[in-house]
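A quick write-up on the structure given underneath.
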């Protein structure tokens, strides 16, 4: 938004030079038009090959019996909706769908609430606030699999620091197998993902908060809007576009999380942390049934697409109103 | 609640307001800093614990103490022996993916921002949507395409696949910057007989150095952190990035946690180093890719 506004001052400049060398320009025009396309071409080819092709390929594979033998014979017969019916009637699919929903909702709520709290806190000016806030970004930059490894060690049943602390202060009697019992595995994975997502939420929400003009709060203060009231009536409405982006990106990133779950639990125990993404990986690369794997990942794309459409429509409605 | 306490603070002692007020303010600022440090300490505890466990004595972390008072580098020796080649693989792949991302993204971002040519709207839309595509979709398709092409277990195969994170991000970051770039500078150069390519190479690129660095750093970190492409597009031990090395390490080596944690520390080093050395580029990239 800011970027489009700031290009405006630059617009008159080319108009001023327009008349100075029209002939030379026209002569070079044809070659230069081609050159312009050459600027875009490599990236366009890459995007088509590494995003366009995979999407089309997954759509097609979803209708094929694409398995181990395909890699030897090259044959992948079309089997209609068989992959989808097999997927939808699979009890593990329903489990994975439910887990994906819980994982996404739980992670988003946790990340957003804590992220919002932290960005409001670090918005105040106090010594070291900038340095501390930038340190908060660290978990986001670490390789996810490294985070998964350390959390696995923290949550380890017999020697993990969490159980040692909890038994030490007498909060629990026996150590809990956070990642190894079906009751707690999903909750633990959600907790770790919340930890991972907080930095991203803080970064975006904080920059959104910075963009709210100080005068609004000063004016609000005169009308008695301080504390919760000013948050409710000034901060939240002003922050709405950023909140929309944060939540949408949060959902899109969260439903496809794979590294973290594979690193922490591998989808287990007994599918307790199986999601659509991990199940798709399992079908393709463990069972070597790429048709079923593709069907699952297509369902994942459709869900991501639905959220995007909802977000864009909400944005359009807000624009109409405003 | 704050609404009620804030106004009542001022009429409390109108007589000696200035001195005690500033002292109180300083006290409050110190309390804020202390609480801020506490929040950051809680958030970064796992990172601390990773370092702490990697230094645990006796070859395993089972007796990890709160502070590494007797640091033992044995974990690192074993980690380097087991994972050294994987670290090199990761470095090559990440640098390759960062370079590829910049080479593809920079001219494209410039064209999207400055040329009004047909089809750029569609391309920009595709780039925005591409960030939505789950990695497993790409992995599914690339595996089937890489197998006949012989790109499984190759460095170029991984570089091409890992750039899927860097390319769209770099295009969006650089385009956002180049939109603000005054057209008049390039126009003036073009009037002086400078072609698009030369104008781009000798004017646009040097001026957009900062956004190039931001895009490059993030493309590097994305590729360095990649796990899914490494997991699906390599099969043996010959070409194995450290993320995959760490993953298999957890599975096979869960008694030697100090070596596992040392590997985690080593694989986190680029992120930490870049966060300290290139802080402002990281800050620019953290928000730049998302809010448009």
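Numbering starts at 1 and runs along the chain as it is shown here.
Including glycine, each Cβ sits where the backbone N, Cα and C put it.
Bear in mind that TrEMBL entries carry predicted annotations, made automatically and left uncurated.
Of all ranges given (B:87-110, B:231-254), TrEMBL attaches the label transmembrane segment to B:87-110. Residues 80, 123, 155-156, 158-160, 162-163, 166-167, 169-175, 177-178, 200, 204-205, 208, 212, 215-217, 219-224, 226, 239-243, 266-267, 270 of the same chain lie 6+ residues outside the transmembrane segment (B:87-110) yet bring a C-beta within less than 8 angstroms of a C-beta in it. Here the transmembrane segment (B:29-51) sits against the transmembrane segment (B:257-278); at least 3 CB pairs are under 8 Å, leaving out pairs fewer than 6 apart in sequence. Here the transmembrane segment (B:122-143) has long-range neighbours at 108, 112, 152, 161, 164, 168-169, 171-172, 175, 228-229, 231-233, meaning same-chain residues at least 6 beyond its ends whose C-beta is under 8 angstroms from one of its own.
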